[in-house]
Amino acid sequence: RFCIKRPAECHSKSFKHFCIKAEVEKSIMKLGTLLLATCLAFASGAWVPEMENAGLYEGDMILDPDQQKEVEDGTFTFSSTGNRNKLWPNAVVPYSLTSDLARDGKFMREFQHSIDQYHKYTCIRFKRRSNERAYIGFYMGGGCSSPVGYTGGRNRVSLSKGCHWRSTIMHEIGHSLGFHHEQSRPDRDNHVTILFHNVARGTEHNSRTIILYN
């Protein structure tokens with residue numbers, strides 16, 4: 001988990017994977033925004049086994065051919081939000097839900113809470129799709145996964161039963177908005193300490209850092 005503690009407390013049982021260093025404690029406390037909640041979601045309960053999908057980048061990120069080539073070339077930057085072509089025009093995001101999701105009461109409560117949080121803390125606005133060409137299409141797929149950033153078409157976001165938690169939904173929406181995994185940012189070690197002995201075996205790749213950042 002992610003916990004705001006001083007270094008001497010970093011081995012407390014109150015959290016598991018991360019400890020924020022004292023020098024950034026004050027600034028993080030001041031943020032108090034959805035961006036922080038979304039960026040830290042991976043560490044605070046958003047992760048579920050359904051995020052570990054073979055063949056996807058870091059388990060749940062669906063890369064387009066250009067992004068995949070950047071990974072192969074070693075030029076894949078940390079975040080797609082620095083690329084204006086990957087941002088949703090006017091910060092408006094149309095979306096659709098398949099009927100099985102729309103009929104699921106628990107999912108809809110978690111989903112609506114996720115949308116409400118984005119509306120409360122950011123300038124991004126989600127709306128039901130009418131006939132827009134570019135939109136997020138949520139469906140009950142196998143596992144939790146999402147494209148990264150605006151694609152100009154349909155972003156198919158898979159949310160299987162194990163993904164029906166508000167933090168997980170916010171996490172996958174974040175990918176479609178252009179966010180990568182915050183714990184992979186190259187300056188990560190300046191701000192947090194990874195307690196690798198608490199990281200589940202086989203998931204260590206989720207804690208690696210990416211060299212480039214934009």
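Placed from the backbone N, Cα and C atoms, the Cβ positions cover glycine too.
What TrEMBL lists as active site is E172. The number of other Cβ atoms within 10 Å of the Cβ belonging to E172 (active site), over all protein chains shown, comes to 26.
Look at TrEMBL and you will find H171, H175, H181 tagged as Zn(2+) binding site. Reduced to three states, the DSSP call for H175 (Zn(2+) binding site) is helix.
Residue counts for the domain 'Peptidase M12A' (79-214) by DSSP state, with H, G and I taken as helix and E and B as strand, are 58 helix, 28 strand, 50 coil. Marked as domain 'Peptidase M12A' by TrEMBL: 79-214.
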Most Cβ neighbours inside 10 Å, all chains, among the binding-site residues H171, H175: H171
